[in-house]
Amino acid sequence: MTEQRKSLIKLISAVIIILLLPVLFFRFIGDDPTKKAVNSTRQIAVVNEDTGVLSDEVKSDEEDKSAQFGKEVAAVLGERPDYSWTVVNRSAAETGLASKKYDAIVYIPSDFSKNILSYDKDHPQKATLEFSIQDNLNAVNKEKVQRELEDAQKTMNKKMSALYWNFVSQKVDNIRGEFDKIVNKESEFQNVMYNFYKPSSNDLAGEIKQQKDLIDELKKSMNEAQGTTKEKASTAEEAKNTLKEFIDTVERYKEYQENQKKLLLAAQDSTQQQIRTGLDAIQAQQKANQFSERMSGLATGIGQAKTQIGLTNLALNNAEKLRQNQVPLQEMGMKKIENDMFNAFLSRYKSQYEAIKYQNLNQLQENIGKNRLSLLKPKESDEKEDGEDTSDNKDDTDKEDIEDIKLDLEKQRDELKNVATEIKDISEGLKEPEQEKPTTPDAEEPSTDDSPNTEEPSNDIPTSDDQPTNEDTGSSEEGTQDNGSQNDVQTNIETGQKHQESSKNVPEQDTNTENTGTSKTDFSLIELADENDGSNQSDGLQGDGADGETDISGAKKRLNEAAIKLEEIENALQEKQEEHNNKLEKHIDELNQEIKELNKTVSKLNDQIGDLTKKLVDFDNNVNDAYRLIYNLEDEIIQTLQSRGYIDQKEKLSSIFSSRIETDNISNLMKYYNSLNLYKSTLNDNLDLGSLTIIKGEVIQEQDGNVQSVLALTPEESASWEALKNNTMQTDEDINSFIDGMTKFADDYSGYIRDSQAGVLDELTKISESAAKASEQLVTGATQESATFSNDGLSGTMALSVQDTVGQEVLQMSDMMGSLSDRQSGIIDYTTNMQQSVNDVQAKADTLNNNWGKNVASTKLVRNDVYGILGNTLVDGQNNGYVYDYLANPLKISGEVPEEKIQTVPPVVILVIVLISSLLIGYFSSYYQNAPLLVKGALFGILNILVGLMISLFGLNIYSLPDDQTIKWSVFTILLLVASSAFIRTAFRFGSIPGWVASAAMILFYVAPLIDLIMPNFTFEDPVSKVYIDIQYGTGHLFTMGITVLLIITVIAVALPLIIRLMAEHTAESDETYEA
């Protein structure tokens, strides 16, 4: 594949990537990235478990006599527009809450209505509502649900207040009905009394008058009867005189006797008729007399009732006047109490607020001082102490391990010292030969062999660093000298001793090296002894004299003994060496395992160190920002204290703020910043609504006694009402006693009439019997006289005696009639008195009726006053809801509410894809900057136009706009892409470093709006976002300015490379000309 084809493939791949990038980006972010996920259903379940309560004041249906306020509350909640309130049972509500169907549940308990109607009890209970919010809601939706529940609580309180006032008006309505009943009963009583007295008195007067007329007629008849009796008596006298002449004229006497008989019979019939008439009149007169006697007691009772009613009327008038006079006094008292209450409330609240504010400032000032001290002394000692403890523990552990693996060679060291001393003695006892040693290969071999043997122990003896020491080197050099093998052995032994001493202070040893070194040291000593022995023998053979041989043999013997001791030492060392090697191997395994773990830990710590380094940089930046915020807040507090005149607090805080902050502890910084915020908020706080409500309640509670004293009944009014009550009770008692008297009077009058009638009937019976006897005697006399005359046996004496008897009977009857006439005269007088009493009773009944009418009028006035209380709550028998709403919420807050501003968010999605695409196009154009101008321009223009159109089309799916604004949006997006990519291309024209700096600047320019949206304390005025927002939400007047600026930037970015190229060519031509 040629380079040209590779370049073509690269070009096509880059173009495809640039064109596919917007498609992939918009597919990655989704169709509607600005849509907020809502996890709330905006439905609240209401569980109504209210059982209701019976109440006389509640106007309920005939079927349901109980008051159920849970239904009222559910109906009110159902009218709220923001959330859907559904009434369900408990199980359905809890199931819906678990399945996320409802955002919350409101429980109305079973005693809800009962607690609401307990307002007139000694200890009223508040009606409570319980609610449960769904746990899966986010913080925003939970806050919305809580706010909705709080608003619902206000609505329910308003409804409950209206219901309370409804109950009050219903009670007042019941009182009105009771007053209507009282007025009606009093009116009925007045009518009954009037109907009782007026018609009965009139009828009674008429009957008495009629009875009086009858009695007059009876008296007249009795007088006539008495006159007739007297005539009859005179006639009897004449008959007696006539009888004396009877003898003379029998015929005259017979005729006269017949006439007398007729006259007496007629008189007898007339007298009997008059007696019957008189009997009826006497009965009526007796009734009238008895009624007149009893009516005198009735008149007395009515007089007492009249007096009592007069007192009652007087008491009512006094009470009415006193109550009317109390009205202006009560109004003045209420106004005074309101003013006093308001003034007391303001003064107390101001004083309490200032005291609390000053106290809070002092407390917060102390907290600021304490927190500021914590910022001056960073807490590093604890960490150091922890580190030191850890290192100490580690050192202790290492020391313990070293003690465990330390090799105890003290005994062998002592034995080696003894052997070394003996060998030294042997070497001193030996005499050196006087002749020179021949230099042969055999003589040089021991030294050659000794050198490595000597060096090996020095290198292999265990040390702390596993390195050979200088003493080892010295010992090896000494082993190569020709001063004698005894010195070599002694030197090697001393070297071994020094290495053994150094091993006591070394924490780590190499097991294999130590074993090898120790064994080689021992064998080298034995070999040295043998070789020295051999060399001495050879020297002795070459030398002369027997003394040399004796010394050598003795030395050899002693060296053999030393060799035996060395073998024993070697065996002991071998045993300890094996034991020590086992411990070392075990310890080395443990150390290897620890090393592996430490390596892992180190790798993890390296990663953490990298992360912590990044975090440390961010932390330093955050700490610097925190310092700056704290210093600014301190300056604001000092300025506020200076402006408000808090000099003492200003001086104290200035001394506290004068020190510098020298800590990196975020917790202490946050505490200190929180203390400063609390101090600032407390200093700037003006009113506390919570304490305002509490103080208001306290002041109102204190003024309750004054209000009660103003509205309560005064002693005079209470006495008046008590007198009215007593008078009314006395009136009732008088009326009851009057009724009892009337009943007793009727019973007594009935008995009296019966007795009187019995007496009159007895007298009339006697009169009738006398009249019958007289009539019988007359008849008998007439019969006897007829018989006598007929029988001629009549004598004058008999007639005279008969006439005398008749005369006596007539006189007796005349006397009885006179007595009856006298009694009738008494009845007439009694009837006249009774008629006068009846007339007086009528007058008194009229007076009673008038007084009782005044009482009814006073009661009607009271009724009108009662109807005036909350009279507007009922209209045509229906509740006036407007009045109840007014009573529940008498205050109205009016004011202008500023319109909610539409939150304008820049199109961050467009900015991000424009940034990425412009960077890629700029990199691509700079990469092919050596291509022909037409090719570069075509590729640059086509890519910008295609990518810009794609970004605009996909962006319009997210940000919907009208047609004219759509064109502006697309044009501005394409020009923005062209200007950005041209800027990058031009920057890379000057070199890679300017190109990358320009890229970083452009990234910062496009990312700054995102930071502005996220960080509340960061502000960046982005001109590109302003143009987009103006096109999206405004009138588009910034479009022209934005297009102009982009065109200028594009022309400069495109023309600048051409100008630089022309200048470079011109400079090159000048140089060539100059060189030529």
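For all residues, glycine too, the Cβ spot is worked out from N, Cα and C.
Residues or ranges marked as coiled coil by Swiss-Prot: 552-622.
Taken from Swiss-Prot, the feature compositional bias 'Basic and acidic residues' applies to 423-439.
Marked as compositional bias 'Polar residues' by Swiss-Prot: 449-495 (among others).
The compositional bias 'Polar residues' annotation in Swiss-Prot covers 503-522 (among others).
Annotated region 'Disordered' per Swiss-Prot: 372-404 (among others), in sequence order.
For 423-552 (among others), the entry in Swiss-Prot reads region 'Disordered'.
As annotated by Swiss-Prot, transmembrane segment applies to 9-29 (among others).
Look at Swiss-Prot and you will find 904-924 (among others) tagged as transmembrane segment, backed by sequence analysis.
Distant neighbours of the transmembrane segment (938-958): 15, 18-19, 21-23, 26, 31-34, 907, 909-910, 913-914, 917, 921, 924-925, 928, 966, 969-970, 973-978, 981-982, 985; these residues of the same chain sit at least 6 beyond its ends, with a Cβ under 8 Å from one of its Cβ atoms. What Swiss-Prot records for 938-958 (among others) is transmembrane segment.
Cβ atoms under 8 Å from those of the transmembrane segment (964-984) belong to residues 910, 914-915, 917-919, 921-923, 925-926, 940-941, 943-945, 947-949, 951-952, 955-956, 995, 998-999, 1002, 1024, 1027-1028, 1031-1032, 1036, 1039, 1042-1043, 1046-1047, 1049-1050, 1053-1054 of the same chain, restricted to positions at least 6 beyond its ends. Under the heading transmembrane segment, Swiss-Prot lists 964-984 (among others).
Beyond the ends of the transmembrane segment (995-1015), by six or more residues, the same chain brings 905-906, 908, 911-912, 914-915, 918-919, 922, 926, 980, 983-984, 987-989, 1022, 1024-1025 to within a C-beta distance below 8 angstroms of the stretch. Among the features that Swiss-Prot reports, transmembrane segment is placed at 995-1015 (among others), with the record citing sequence analysis.
The transmembrane segment annotation in Swiss-Prot covers 1040-1060 (among others), and the record cites sequence analysis as its basis. If one looks beyond the transmembrane segment (1040-1060) by at least 6 residues along the same chain, the residues whose Cβ comes under 8 Å of a Cβ in the stretch are 971-972, 975-976, 978-979, 982-983, 985-986, 989, 1023-1024, 1027.
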Q.
With Cβ-Cβ distances below 8 Å as the criterion, list the same-chain residues six or more beyond the ends of the transmembrane segment (9-29) that contact it, or say none.
A. 909, 912-913, 916-917, 920-921, 924, 927-928, 939, 943, 946-947, 950-951, 954, 957
